[in-house]
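Listed features, source Swiss-Prot:
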type: DISULFID; residues: CYS5-CYS21; note: disulfide bond
type: DISULFID; residues: CYS9-CYS23; note: disulfide bond
type: DISULFID; residues: CYS14-CYS28; note: disulfide bond
Amino acid sequence: GIIPCGESCVFIPCITSIVGCSCKSKVCYKN
């Protein structure tokens, strides 16, 4: 949850979750 994935998750889930990103504070982060 440190590196921003350049995607927001306000309205839709993180598409970048397929590469290990997760939603945190309306922004997708990679752990």
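Here the Cβ of each residue, glycine as well, is placed from N, Cα and C on the backbone.
Given the structure is predicted, the values throughout are model-derived calculations rather than measurements.
Sequence-distant neighbours of CYS5 (disulfide bond): residues of the same chain at least 6 apart with a C-beta under 8 Å from its C-beta are CYS14, THR16, VAL19, CYS21, VAL27, CYS28, TYR29, LYS30.
Summarising the environment of CYS28 (disulfide bond), the number of other Cβ atoms within 10 Å of its Cβ, over all protein chains shown, is 22.
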